[in-house]
Amino acid sequence: MTNIRKTHPLAKIINNSLIDLPAPSNISAWWNFGSLLGVCLVLQILTGLFLAMHYTSDTTTAFSSITHICRDVHYGWIIRYMHANGASMFFICLFMHVGRGLYYGSYLLSETWNIGIILLFTVMATAFMGYVLPWGQMSFWGATVITNLLSAIPYIGADLVEWIWGGFSVNKATLTRFFAFHFILPFIILTLAAVHLLFLHETGSNNPSGIPSDSDKIPFHPYYTIKDALGALLLILVLAALVLFSPDLLGDPDNYIPANPLSTPPHIKPEWYFLFAYAILRSIPNKLGGVLALIFSILILAIIPLLHTSKQRGMMFRPLSQCLFWLLAADLLTLTWIGGQPVEHPFIIIGQLASVLYFTILLVLMPIAGIIENNLSKW
């Protein structure tokens, strides 16, 4: 009798994706982050669903409803903090996942990579709108500043901003629509993630050595199911520690002050995972220039495959490129730190230098390093 998991229409899809999937035998822990992102997404959808049952998207009651969730709803505080800190874990996994793709040349799987970039933009949009919902000071002013960036678009900018706001400032209409979008987007992310996996399974996964592994494949189950389960356990352990010991570590104290349009906080800044892009935005004095730099700082990932000059796929055997990669990682940490600092000397110049270095490494130095390494390998 044929095994039901190989014949049943639904079970067959699961079988081909999670059980009998041929996987390279040498993929390291850096390949765990894809499944961890799946765990984060499911966790966010579940905690978000329970929060939505008690949240009210009205400017007069939004802040109070969050207080109500934390004080009166049974285990509401843990659901709220798991959702808020779950977003931070989501972005840590995202950055690791993208970094892995850059390091090992996974961007050469172009369809998977491009869907990944769309996913990154969608997750960033979702997180931004989620940050507006508690209707604290940073929620309100963050929404005002970031949506206002669209006014830099020539001709239609001002009308576009008012259309998004649903009025002449961030108001009740803005909050309601942001809640609606924040609720629907994770399901769009789920669909995009399925397409991401579909394209990945068309070509098969990359591996640390960067050479084809068709001659050396092992079944996904039990080898990588147990490995992913361990990764998920560690992720939940870190998240639990964060939620139970210091839930406000990554948040902003200003968000415990109800939104007040008449009082601007001394330093408006987004959540920590957007600070690198925010620093790039602020490093350019011109508004439109800043917005373009902000968009291009993420969109630059789309042209990375075109800038690949090396004969080798990954950076495993390319010391020059490795140095540049870790310089890029340090540069992003510097930008993240600068994004959280006030706009004054010496932070302005540090931010500008770090921004220039970011684009220089990706657009100029890495392609040159690839060519140099090609020539060195001939010796």
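Backbone N, Cα and C define each Cβ position, glycine as well.
The structure displayed is predicted, hence computed values, not measured ones.
As given in Swiss-Prot:
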| type | residues | note |
| --- | --- | --- |
| BINDING | His83, His182 | heme b b562 binding site |
| BINDING | His97, His196 | heme b b566 binding site |
| BINDING | His201 | ubiquinone binding site |
| TRANSMEM | 33-53 | transmembrane segment |
| TRANSMEM | 77-98 | transmembrane segment |
| TRANSMEM | 113-133 | transmembrane segment |
| TRANSMEM | 178-198 | transmembrane segment |
| TRANSMEM | 226-246 | transmembrane segment |
| TRANSMEM | 288-308 | transmembrane segment |
| TRANSMEM | 320-340 | transmembrane segment |
| TRANSMEM | 347-367 | transmembrane segment |
### Message
Spatially, which candidate from the binding-site residues His97, His196, His201 is nearest to His182 (heme b b562 binding site), comparing Cα atoms?
### Response
His196
### Message
Below 8 Å between Cβ atoms, which of the listed ranges 77-98, 178-198, 347-367 makes the most pairs with the transmembrane segment (33-53)?
### Response
77-98
#### Entry: Remote residues contacting the transmembrane segment (113-133) - C-beta distance under 8 A, at least 6 residues beyond either end
55, 57, 62, 87, 90-91, 94, 98, 101, 106-107, 139-140, 142-143, 146, 174-175, 178-179, 181-182, 185-186, 188-189, 192-193, 195-196, 199, 270-271, 273-274, 298-299, 301-302, 304-305
### Message
Can you tell me which recorded stretch out of 226-246, 320-340, 347-367 has the most Cβ pairs within less than 8 Å of the transmembrane segment (77-98)?
### Response
226-246
### Summary
Fewest neighbouring Cβ atoms within 10 Å among the binding-site residues His83, His97, His182, His196, His201 goes to His201
### Query
Which whole-number value in Å describes the distance between the Cα atoms of His201 (ubiquinone binding site) and His83 (heme b b562 binding site)?
30
#### Entry: Rounded distance in angstrom between the Cα atoms of His83 (heme b b562 binding site) and His97 (heme b b566 binding site)
21
